[in-house]
Amino acid sequence: QMRSVRSLSRLARVISSQAAPSRTLQVRCISVAPRVLSSTQPERREFQAETAKLLDIVAKSLYSDSEVFVRELISNSSDAIEKRRLADLEKGKSHFGEIRITVDEAKNTIVFQDNGIGMTKDELISYLGTIAHSGSKAFVEENAEKAENVIGQFGVGFYSAFMVADRVEVKSRKAGEETGIQWMWNGGNSYEMSEGVETEEGTKILIHLKKGDAEIYAQFLRMKDIIEKYSYFVSAPIILNEERVNSLNAIWTANPKEVSAEQHDQFFSQLTRMHHPHLQHDRPAYYIHYKADSPLSIRSIMYIPSHRVSQMEFATQGEEYGLSLYARRVLIKAKAKELLPKYLRFVIGVVDCEDIPLNLSREMLQNDPVVNKLRRVLTDKIIGFFVQQMKKDPIKYNDIYKNIALYLKEGIVLEADQNVKEDIARLLQLESSNSKARTLTSLPDYISRMQEGQKDIYYMYAPSRQLAESSPYLEVVKGEGKEVLFLLDPADEVVFLSLAQFKGHNLVSVEKWAEKADEKEEKKELLADKKEIYEWVKNTLGSVRVNEVKVSRRVSEHPAMISVQQEMGAARHFLRMGETKGNEHLAFFKPTLHLHLNHPVTEGLLKLRKTDPQTAQLLLEQIYDNALLTAGLMTDSRNMIPRLNDLLTKLLGKEKSTILTP
């Protein structure tokens, strides 16, 4: 629809516009027999004051995206052709619309011509001579030095041509009218209008380019690149110097059931070539063809590439990402990162929303309420799609999950809203103590298997499944029949610490469970020399390495284990940051050493401390380091090697070793 006279953006969208899909690739000539009419004397008119100010700002600007004038004028022509099509349909006629663009390097000119609805004299005056926008004058005055702000506020539209033009001539004839109108601007604060000119139905704009940087727009290849960038999917044929530029349909507007896999591959190839060249040789693993009319008018196709991003690639990705935002098939922004949260930046595609004004500037995208609503709708659609795929084809989803896991984990950590965190967490895939190796499960599936009365979700971190299954922390929980999720990626531990809970269930590390189990057993222990053992252990290892000692007779496959005052996962994350030296971290963690008295090594240790204190010290230090290593809290294991050699030498030096015999 023609923009309202009240909005300069609509005023600015002067010269027509488009929409009607044209299925044919045939190029037809749009010329009709011109009507030769007697032209009236030119009538000179002054621009409205704020209009003149706006033109002055735009004409003198160094606006970085001056090429958008091509997009705007094509969009106007596209709209006009659609209006002509609808008007003719009401009369039982058909209309073949097209847009012709002619560049001439020798003359330094560009011509934009369409056979759309055209304009009357009054419409030309309304759209080209007046800013009928509330508050427009004040805005123009406040932003006199900021052309980009002015353009963003009012829409570039027809006035965008003034960024590159010395002179502009417009000829237009309303469909069905006998009289043609000419509008001319020669660079001042006034324009001339003539009636009765020789012209065809539709609108023709002749732009005389400025000398200098603007001359590049008279080059055929440069103009072709711009058309392909912004207007490739405009439905009306675009003919540049007799060559059709746009030939691929905007498949996002089609019925999803009517779009073939081959068409998706072609469109994905075109999309990546234009905006995502690093994915040009990739193929989509999934596509989401989504159409909605409420709460917004949305036509979109979103692709999840099969490309597997590396850690290095993930870490070095810049801020240039996002879906391509269109309004009525005209590109608004190629990589509109405002349309999706950052953790979904691996998704590429097209979103066409008629509710978004064509003149929306990049700055306004971030705060526009329609864009924010669109962002929520698209995000929910993508998350919901992945949840469906997990159930529909878990094998395929698990394979794709490897490509997107880093992004999802980043989202859980960085998002502040707990509801958003949990929404993303539905997509996580983890190994479990109740399943075979490399068989993955989700948090919702874990909850469905929880024991009656179980309130918490248990997890543990380990570098590998083998180490997880042999951990002293796992044996306690497993003995209770509880399922434990294995976090085999260090990032998973940070994710769970950030998530904290899921659907009302706390995420609890098994290390806390094991620590509490030892504390219960420790209270029952009535060992006569318990105090003496405590003192010996603390004196041998030092107060930095051991803040507290506890003993229990809990049956365990491990002679000892370590607990710290902090959350164990947080302690490990602190160490990964590499900001400590030596045993500095131990002074901060204040470790507690839990000795399991029923283990043969521990029993042998307590006997050895009375018969061979020197060897007992070596053995205690080795037990401690083993526990530290198992907990993932050892920063440097090199000191273990000389000690192990000493310990082995002492063992081999005895004819009959009784070191570990109770």
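Glycine is no exception: its Cβ is also placed from the backbone N, Cα and C atoms.
Feature annotations, reproduced from TrEMBL:
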type	residues	note
DOMAIN	65-213	domain 'Histidine kinase/HSP90-like ATPase'
BINDING	GLU72, ASN76, ASP114, MET119, SER134, GLY135, GLN153, PHE154, GLY155, VAL156, GLY157, PHE158, THR203, ARG362	ATP binding site
Composition by DSSP (helix, strand, coil) of residues within the domain 'Histidine kinase/HSP90-like ATPase' (65-213): 55 helix, 40 strand, 54 coil
For ASP114 (ATP binding site), the number of other Cβ atoms found within 10 Å of its own Cβ: 34
Cβ neighbour count (within 10 Å, all chains shown) around GLY157 (ATP binding site): 28
Averaged pLDDT, computed only over the residues in the domain 'Histidine kinase/HSP90-like ATPase' (65-213): 82
Local Cβ density at GLU72 (ATP binding site) - other Cβ atoms counted within 10 Å: 28
